[in-house]
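Below: one structure, written as C-alpha cells.
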C-alpha cells in the first residue's frame, strides 16, 4: 500500500511540475517585450498562496507521511515566486503597487496560519487547521477553469482550453486523489477529487468540440465577457480585448487549476 501510494505521489509530482512550468511561454513573451501587456499577475500570487499552504500541510510535524506534498509545493513556491518577481519588474507602476500589495497579503495570510498552527495548536488540531486552509484555498481556485469551460461551451471552440494542459490537469488530479485516498487523507482526496472531475469534464468538452471551428464573433464577444467576469474574481485585469495572446491567456487560466490539485 505504501509503495503504491509513493508511486502515485511521484506521478503527482511529475505532472504538477509540468503544469507549474506551463506559463513559461507567457513569461518569455513578457521578458522579450519588457512589458506585462494585458496579462494579469493575480493568478501567480494566488497560486503561490496555495503552494505555501499545501507545502506547510505536507510537513511531517503537521501531517505525517505527506512529504511528497511538500516537495512539489515547495518547488511550486519557488517557480511562482519567480513568475511574481518577473511580473513586478515589468508591470506598469500602478499594477506593480497592486501586485506588491497582494504579495504582502499572501505572505500575511500564510504567516498567520503557520504561526497559529505552531504556537497555539498541537496534534490533530494543528493538522485540522492547516488541512482545512489548504483544501479551502484549493477548491476556491476552481473559478477560473470553470469560466474557461463555460467559454468553450458558449463558443463551441477549444481555442482557450489547450488539450495537453487539460490532460495533465486530469492526470495530476487523479494522481493526488488516489494518493489521498490511499493515505485516508480527506484534505487531499476531496479537493483533488474535484480536480479529477474537472479535468475529466475538460477532456470531454475537448472531445466534443475539437473539430468545431466555433463562431468567431461569438468567441470574441464571449472572451470579452469572460475577461470581465474573471476580473470580478481577480483572475484577469479585464481589459476586454482579444488578440493573438488569447491562447496564452487560456494557458494561464488553465494554470489556475494547477495548484488546486497538489
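Yeah, the Cβs are placed from backbone N, Cα and C, and that goes for glycine too.
Bear in mind that the values here come from a model prediction, so they are computed numbers and not experimental data.
So that you can see what the record holds, here are the features copied from TrEMBL:
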type: TRANSMEM; residues: 6-27; note: transmembrane segment
type: TRANSMEM; residues: 39-59; note: transmembrane segment
type: TRANSMEM; residues: 65-90; note: transmembrane segment
type: TRANSMEM; residues: 102-122; note: transmembrane segment
type: TRANSMEM; residues: 128-148; note: transmembrane segment
type: TRANSMEM; residues: 160-182; note: transmembrane segment
type: TRANSMEM; residues: 188-209; note: transmembrane segment
type: REGION; residues: 220-250; note: region 'Disordered'
type: COMPBIAS; residues: 235-244; note: compositional bias 'Low complexity'
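For the transmembrane segment (128-148), the partner stretch with the highest count of Cβ pairs under 8 angstroms, out of 6-27, 39-59, 102-122, 160-182, 188-209, is 39-59. Between the transmembrane segment (160-182) and the transmembrane segment (6-27) there are at least 3 Cβ pairs closer than 8 Å, counting only pairs 6 or more residues apart in sequence, which means the two stretches are in contact. Take the transmembrane segment (6-27) and the stretches 39-59, 65-90, 102-122, 188-209: counting Cβ pairs under 8 Å, 65-90 has the most.
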